[in-house]
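> Quick one: the structure is below, and I'll ask about it shortly.
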Amino acid sequence: MSDSKEPRLQQLDLLEEEQLGGVGFRQTRGYKSLAGCLGHGPLVLQLLSFTLLAGLLVQVSKVPSSLSQGQSKQDAIYQNLTQLKVAVSELSEKSKQQEIYQELTRLKAAVGELPEKSKQQEIYEELTRLRAAVGELPEKSKLQEIYQELTRLKAAVGELPEKSKQQEIYQELSRLKAAVGDLPEKSKQQEIYQKLTQLKAAVDGLPDRSKQQEIYQELIQLKAAVERLCHPCPWEWTFFQGNCYFMSNSQRNWHDSITACQEVGAQLVVIKSAEEQNFLQLQSSRSNRFTWMGLSDLNHEGTWQWVDGSPLLPSFKQYWNKGEPNNVGEEDCAEFSGNGWNDDKCNLAKFWICKKSAASCSGDEERLLSPAPTTPNPPPA
């Protein structure tokens, strides 16, 4: 029995050595059979468990290192993001503050220079209304009167409390003073009027109502005085080259026509130039009227003479119509007829033309602030 057991034990030892030498189910002599392997199952499971445990320990040993590295990277990224956020926030706020400050500075400067829309419109309308009136102010004496008014206005403005407005109005008055000193051109007169209008607009914005009212009254008086400044001709008269002409709407004989003109400080028209002749001939032909002029040969037949005693110049004889004067039936007085002159009987009733010099607007200085003079009545029409 003992001899038989020993060979079996030797066989088992050889089998275990083969199993241990081929871990992972590999045998040097090849696989015996699936049943043989399963017969040694506990040993195989132990080997597998040992292998898995060793691999797990290796992996677990690596985890703290990778975790610590990831955490440090996260911390670094978070710190960088925080710093970047702060930097961007500061940069944005500073740039916006600078931009807003610059815009406010520009806006403040622009608003400080611009007047209100309503004031601009008021200035423009006032300027338009008075421009025509000031345009007829040709005399230096009248400009001097306006300058005196401006001087009084300047003194009143100087008492007002708002310094900035005082300075602005004072500068306007200074410019007005220089403009008035330069005199009668219409452009200068218009400039004066514009400055007066701007001054009125500036005064309207002042807080002191009593002073404002005082200055406003001065401006109203000055405006009225400018509007009353003399017109070259009375109403219903026509201005031409320094003279005024009245064309009647009724008819009289030649002698009564002379009287009608004298009653208004004029005379039956005496023609002095070719331009005047053309102007008067046009007026008469437009109305299709026969109109007396101040020319006759009553003193000496065939010698034509004006009512002021001056003779008819040879150059004017061209204005007679063809065949005239013919002195048919004692035709001793001249008239405008069609496109030229004609002689006719002096006792016939016709329209007439009066002539006198235009006003020079150089009367007393008191006229500026005195009531408007009454317009001379035209001769009976």
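The count begins at 1 with the first shown residue.
Using the three backbone atoms N, Cα and C, a Cβ is placed for every residue, glycine included.
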> Which one, CYS333, CYS361, is listed by Swiss-Prot as the other cysteine in the disulfide with CYS346?
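Disulfide mapping in Swiss-Prot sends CYS346 to CYS333.
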> Name them in sequence order: residues not among GLU324, ASN326, VAL328, GLU331, ASN342, ASP343 whose Cβ is within 8 Å of the mean position of the Cβ atoms defining the Ca(2+) site.
GLY323, PRO325, ASN327, ASP344
> Which one is it: of the recorded positions CYS261, ASN326, VAL328, ASN342, ASP343, whose Cα lies the shortest distance from the Cα of CYS244 (disulfide bond)?
CYS261
> Round to the nearest Å and give the CA-to-CA distance linking CYS354 (disulfide bond) with GLU331 (Ca(2+) binding site).
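Cα-Cα distance, CYS354 (disulfide bond) to GLU331 (Ca(2+) binding site): 21 Å.
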> Whole-number Å only: compute the distance from the Cα of CYS333 (disulfide bond) to the Cα of ASP343 (Ca(2+) binding site).
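ASP343 (Ca(2+) binding site) has its Cα 5 Å from the Cα of CYS333 (disulfide bond).
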